[in-house]
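For reference, the structure discussed in these notes is given below.
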């Protein structure tokens with residue numbers, strides 16, 4: 001427990017409304033209340049005059065309080081303020097800010113998994129991904145103005161016809177609090193009527209996009225929207241494009257709006273994304289919006305978006321979400337416009353090929369790159385390490401892609417590099433996939449070399465190793481592939497070995513798979529169909 005500063009405690013207490021003090025005293029029992037007030041004074045930078053400076057690395061995490069509402073809760077500020085002591089809006093916000101400070105640090109004290117405000121930041125930002133702690137984003141961006149989304153969602157108030165009731169004030173502390181939810185009185189999912197149109201939620205489109213159920217309605221309604229409705233939707237979402245992009249539900253609605261909107265509106269939405277490409281690409285939800293922008297955007301904007309990532313290409317390639325954005329750049333733009341992306345892979349093909357996310361980007365380059373110089377540089381590095389990559393958990397997919405799309409000469413070179421290792425590769429969980437791919441896409445000579453090495457591994461006189469391969473979890477797939485790709489003499493030998501050892505093979509699940517595939521092959525040959533019996537793999 002921190003040491004209590006009496007002066008700081010008195011200063012903080014004097015700034016709180018009476019109702020707020022009583023609520024905090026109920027919530028914080030005994031000395032915890034005083035200690036947390038001191039902590040609040042310390043970490044919010046309360047000066048000698050009782051004025052608060054920016055909260056530093058503090059994260060505000062609003063949480064429900066049992067036993068009643070806190071006066072600082074959004075929407076209840078006016079209800080609990082003393083009528084005889086009118087306060088300015090800024091003062092009210094500071095009071096409410098302080099209340100949430102106490103709640104945040106109370107949670108720190110009670111939760112053993114959160115030891116510091118830095119850990120609380122990470123926890124709150126993760127909760128934000130689940131739509132639970134939007135205040136964390138506000139606090140984070142206050143301390144990182146360079147990353148901040150300067151667009152603030154404007155409050156979309158609803159005014160009932162003939163109503164004289166005063167609307168409650170909602171503070172801009174988080175996404176849910178900035179925009180009142182659509183139909184606030186409803187506690188259940190709305191019933192979507194076939195006659196419900198986008199115009200029926202005019203003034204509340206942004207709030208609807210961020211709601212789980214209403215977001216689905218917006219996505220469906222956009223597909224059949226009239227031009228007037230589309231213009232209305234774009235006008236309402238434009239001030240909060242980036243906020244919707246990082247929202248769990250809002251990103252889906254924004255993608256649909258980008259897909260079906262008019263050309264001019266698409267340009268304006270994408271213009272709001274430009275300048276924030278890196279943080280949006282690294283986000284779980286907004287990376288999908290960025291990919292959609294590459295799909296539907298005009299060429300000049302695509303080039304600008306891609307160039308914005310030029311200094312962080314490798315960071316994006318290794319990221320779980322941003323790697324999809326780099327793949328989309330490669331897919332949607334010609335090599336001359338993304339030369340800086342392709343050049344960043346020079347000398348790193350092997351390292352990226354064995355990376356869980358980088359391997360996907362390298363595969364995309366191998367299938368899309370039309371720049372022969374860059375393509376040759378990448379493939380040369382892969383071929384130098386083809387044996388190691390074939391046995392790697394992720395690298396084997398890059399080798400398979402090269403076998404399929406690399407051309408006849410490259411496949412033949414690769415098969416000859418595998419000479420003497422084909423049998424051992426067939427027993428390997430990952431390398432066996434490469435052997436299968438060579439049998440599928442290789443030339444007749446390539447297939448013959450592979451089959452000869454497998455059949456002749458027993459010296460040409462004994463074929464017990466073939467039986468062992470047939471019952472192996474990985475090698476059995478190579479045998480199945482040989483049945484439909486090898487020469488007639490080699491296939492006949494495999495069928496004879498399987499027939500002679502049918503009883504032994506039937507004892508093992510993989511052996512039974514081989515027998516079944518051979519029976520299907522024979523029935524296909526009799527029926528004039530040359531079927532591929534190999535089954536779905538691991």
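The backbone N, Cα and C atoms fix where each Cβ goes, glycine too.
Taken from TrEMBL, the feature domain 'PUM-HD' covers 179-522.
The annotation repeat 'Pumilio' is assigned in TrEMBL to 236-271 (among others). Mean pLDDT across the repeat 'Pumilio' (236-271) comes to 93 in this model.
Residues or ranges marked as repeat 'Pumilio' by TrEMBL: 272-307 (among others). For the repeat 'Pumilio' (272-307), the residues of the chain that approach it from at least six positions outside its boundaries are 129, 147, 149, 151, 238, 241-242, 245-248, 250-252, 254-255, 258-259, 263, 266, 316, 319, 321-322, 324-325, 328-329, 331-333, 337-338, 340-341, judged by C-beta separation under 8 angstroms.
Positions annotated as repeat 'Pumilio' by TrEMBL: 308-343 (among others). Same-chain residues lying 6+ beyond the ends of the repeat 'Pumilio' (308-343) with a Cβ under 8 Å from its Cβ atoms: 274-275, 277-278, 281-284, 287, 290-291, 294-295, 299, 302, 352, 355, 357-358, 360-361, 364-365, 368-371, 374.
Residues annotated as repeat 'Pumilio' in TrEMBL: 344-380 (among others).
Per TrEMBL, repeat 'Pumilio' is recorded for 381-416 (among others). Within the chain, the repeat 'Pumilio' (381-416) has long-range Cβ neighbours (under 8 A, six or more residues past its boundaries) at 347, 349-350, 353-356, 358-359, 362-363, 366-367, 425, 428, 430-431, 433-434, 437-438, 441-443, 445-446, 449-450.
The annotation repeat 'Pumilio' is assigned in TrEMBL to 417-452 (among others). Same-chain residues lying 6+ beyond the ends of the repeat 'Pumilio' (417-452) with a Cβ under 8 Å from its Cβ atoms: 383, 386-387, 390-393, 395-397, 399-400, 403-404, 408, 411, 465, 469, 472-475, 477-478, 481-482, 485-487, 490, 534, 537-538.
Here TrEMBL flags 461-496 (among others) as repeat 'Pumilio'. Within its own chain, the repeat 'Pumilio' (461-496) has Cβ neighbours under 8 Å at 423, 426-429, 432, 435-436, 439-440, 444, 447-448, 450-452, 454-455, 504-505, 508, 510-511, 513-514, 517-518, 521-522, 530-535, 537, counting only residues six or more beyond its boundaries.
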- Query: Can you count helix, strand and coil residues in the repeat 'Pumilio' (308-343) using DSSP?
  - Reply: 27 helix, 0 strand, 9 coil
